[in-house]
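Below: one structure, written as structure tokens.
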Amino acid sequence: MALSSSKFSSFSGFSLSPVSGNGVQKPCFCDLRVGEKWGSRKFRVSATTAPLTGVIFEPFEEVKKDYLAVPSVPLVSLARQNFADECESVINEQINVEYNASYVYHSLFAYFDRDNVALKGFAKFFKESSEEHREHAEKLMKYQNTRGGRVVLHPIKDVPSEFEHVEKGDALYAMELALSLEKLTNEKLLNVHSVAERNNDLEMTHFIEGEYLAEQVEAIKKISEYVAQLRRVGKGHGVWHFDQRLLHGVHGA
């Protein structure tokens, strides 16, 4: 099929080969536009070899906006993507919560490790709790860096060093304090989760659910049982037996 070169409608997806005088077809890829004149040469229209399947993903085109968005300014994260400022801020707050909880537990460890208190099982339990919350803080710090946020450490509040209680005794009082602390930590974690949901950050919600919430519920259940048992034994000889169960890791204490 031969077409004159005066005026053409626009064609897409076709290769056009100019026909020489001897009828030999030469490769040529052109766009035909309305009103454009191409001289006296004739063109043959034929389908290209590439199938017209419809392009749904053009990586070099679609990456342009992300490539241009990659910061070149020093101290600006290259990894950050879809990470809201509110999410970054609440993670820093939770880091502070975990470090404060660790600090309280470390003070409890020091108290029960004294020579005139000498409840080694309680000291062991509270030291392990302190280390666990510190690990939680460090995990949050690592996550913050992974998402391209910036870790900002807030001040840690002073904590008491004496935990004797006239009515309850130090063991029960300390364990009730631990229970309140775990419940408060859980509330703070739920707030972190809600902030992630509000900002449609699915990765962050999965991180908090998988790494913290289930473990926190288990901790609350365990310490609740400890409080119930200590309320039964009172302040006397039963506290020593309970301490020994904590020290040797006996199931149920």
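Backbone N, Cα and C define each Cβ position, glycine as well.
Listed in Swiss-Prot:
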BINDING   Glu98, His136  Fe cation 1 binding site
BINDING   Glu182, Gln216  Fe cation 2 binding site
DOMAIN    81-234  domain 'Ferritin-like diiron'
REGION    48-80  region 'Extension peptide (EP)'
TRANSIT   1-47  transit peptide
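If you measure from the Cα atom of His136 (Fe cation 1 binding site) to that of Glu182 (Fe cation 2 binding site), you get 13 Å. Cα separation, Glu182 (Fe cation 2 binding site) to Glu98 (Fe cation 1 binding site), rounded: 10 Å. In this model, the domain 'Ferritin-like diiron' (81-234) carries an average pLDDT of 97. The Cβ of Glu98 (Fe cation 1 binding site) has His133, Arg134, His136, Ala137, Leu140, Thr185 as same-chain neighbours under 8 Å, each 6 or more residues away in sequence.
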